[in-house]
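What TrEMBL records for D130, H209, S542 is active site, charge relay system. Marked as domain 'Inhibitor I9' by TrEMBL: 26-98. Feature annotation from TrEMBL assigns domain 'Peptidase S8/S53' to 121-601. Here TrEMBL flags 370-457 as domain 'PA'. Positions annotated as domain 'Subtilisin-like protease fibronectin type-III' by TrEMBL: 656-760. Taken from TrEMBL, the feature signal peptide applies to 1-20.
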Amino acid sequence: MTFFHLQLFLLIILVTQISADQTAKTYIIRVDSSSKPSVFPTHYHWYTAEFTEPTSILHVYDTVFHGFSAVLTPSQAASVLRHPSILAAFEDHRRQLHTTRSPQFLGLRNQRGLWSESDYGSDVIVGVFDTGIWPERRSFSDLNLGPVPKRWRGACETGAKFSLKNCNRKIVGARYFSKGHEAASGFGGIVGGINETIEFKSPRDADGHGTHTASTAAGRYAFKASMEGYASGIAKGVAPKARLAIYKVCWKNAGCFDSDILAAFDAAVNDGVDVISISIGGGEGISSPYYLDPIAIGAYGAVSRGIFVSSSAGNEGPNGMSVTNLAPWLTTVGAGTIDRNFPADIILSDGRKFSGVSLYAGEPLNGKMYPLVYPGKTGVLSASLCMENSLDPNQVKGKIVICDRGSSPRVAKGLVVKKAGGVGMILANGASNGEGLVGDAHLIPTCAVGSNEGDEIKSYLSSNPSATATINFRGTVIGIKPAPVVASFSARGPNGLNPEILKPDIIAPGVNILAAWTEAVGPTGLDSDTRKSEFNILSGTSMACPHVSGAAALLKSAHPDWSPAAIRSAMMTTAGIIDNSFNPMLDESTKKPATPYDFGAGHLNLDLALDPGLVYDLTNNDYVSFLCAIEYGPKTIQVITRSPVNCPMRKPLPENLNYPSIAALFPTGTSGVSSKTFFRMVTNVGEANAAYSVKVEPPKGVKVSVKPWKLVFSESVRRLGYYVTITVDSKNLVLGDSGAVFGSITWVDGKHVVRSPIVVTQLAPL
């Protein structure tokens, strides 16, 4: 996209807004900072003199992004956009969070390997963008931690119930960003302002999500940890000694605003973090172009300065093309199961038993049988979903109620049943959720079951109106096989913006994860839940992302000279695709073998990532070449990169970005034989003298050739390139259910196995 087309596109949007609405909104303005007249001492003086009133400005950005965010009417925004120094203006949007055995399940062991070689990440600072932190939890103790790294330049911002004493050698800094959220509260009631009866205007966490993700990434050892008896054991983060810098950008019941997220990126980079963990996305599988995506823009500014950024893939799976956070400089993380589960059984009056999951910890049913009822048999959708005020107490009192999953929080359905007098709940997946199950700390006896089991129970009740049932809770079971399995909810590829780049990159534990929790709310997060718990068990790609953030902290500590791309490459090329029963990893939603569209390169295995042998590295220039390749013009690219760029006369190919995976796209409708050639460059990070040979697993019906087939490294030769030619014959190419076929190339030297997935698909030409 050229700069003229970008500005025309943005002006059309703004003019459309002007004709429909003159309500003030928050806009993020990208400015060419080099255009500042010398008469102004600072950019802030320039912005307030030439573009808007000082009272309208929310944030000034000067590190990952040059510009400001301000409250403007659409006509004011259109006027600003016409100024020759303005590169882009886009509306602030709200994003959503992608809601103690997992370190061992990543392949980490105490005695040797990455934990010991990195001193558990003690010299690395992880920035967590989330809902804040509950600093008193044992997971955030600074006992026996050394001094704060001298390079740290951040601050401990005080506010409601958060003082300087709440920071320590573990929580080295904490900030909160609320201006975008507070401005939005005045725009026609999009969100309410900060309700200080349920929220803290400070880095303190009123939601729980931020405390959970922070302790997952870098929580200290906490003995006798459990959630009301479930998952009892020792809780610890992936990098137990890494330092935490907290950036509260998300607010209870209100989401996270782009203008605040971008301000957090600016602050985190200035503060001196080494890793950024951001379990936030646009939701619904919708991705904006990179130049309109503040997470992509902020992350580029961080990655270009050597900061690793881990992001969640989203929870819109198992739908195809649902993955978000697609920028190739982001590490995009999907979710898998671990080898621990919380089984519960539904026993029907005919003796049949159906297995599900539950984290209910209250008074059990003790085998007593209760009548079953399914409110959805009336055909009223709200009743089938057990929505608020949808249940008739005369129908459900004293019964176990079958509720369909969807439209409202799973735990909230149980509260609706309880209010109507029900004694228990069977939570049944719909077809879209398939057989994917997650545990919840329900307020009443509840068992979640898959779509097939739910249908069978409903069918039995339909033909036996007097049917009864009970629920038996079996606690915590470890050693579950198979595991890992790709979580049903984990967002899937292909990449909806640039399918030449495979996303997600990798999966990590994201189902039923035990980690620290806030004191402000009970484990369900419902206002009526008065229980207090030091730990909670949650599921989501939000939980998988901080596993990779902690992993990056350990790898950065062990290899300080590695770039973010090298760290990601080490994780991807050593990732596992075989489960603990020595079979190909499965997709939870279908029970069939999963593909790279589901798991990317595979499941994170950290001990192998410590010594990957070879890495696929990338520089800022490589990312600029990629942006040129997807036809962004120099001024459009400058919105992302800050600095002016020049695209080469000969347009590069996006698929030649030096990524640790290969996606070959062939146009549909072509007949005969077609081929594409890809170039990759590997850097030897193992022993200096090494020889690697290639092993090819071609996708079905596809020919793959690699030249040269052998790579020989020495003291003087650390980097070598190779070509991959992929050839398809339309007569032999039969694409699978996902619209693609999959294979791999692997470089081996007798010690290291450096694997890259291959995806071959057909797309309609533009």
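Going from the start of the chain as shown, residues are counted 1 onward.
Each Cβ is built from the backbone N, Cα and C atoms, and glycine gets one as well.
Because TrEMBL annotations are produced automatically, they should be read as predictions rather than curated entries.
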Secondary structure tally of the domain 'Subtilisin-like protease fibronectin type-III' (656-760) (DSSP, helix then strand then coil): 1 helix, 64 strand, 40 coil
Residue among active-site residues D130, H209, S542 with least C-beta crowding, 10 angstrom cut-off: H209
Helix, strand and coil totals (DSSP H, G, I; E, B; other) for the domain 'Inhibitor I9' (26-98): 22 helix, 27 strand, 24 coil
Helix, strand and coil counts within the domain 'PA' (370-457) (DSSP): 29 helix, 20 strand, 39 coil
Between S542 (active site, charge relay system) and D130 (active site, charge relay system): CA-CA distance (Å): 10
Cα-to-Cα gap, H209 (active site, charge relay system) vs S542 (active site, charge relay system), nearest whole Å: 9
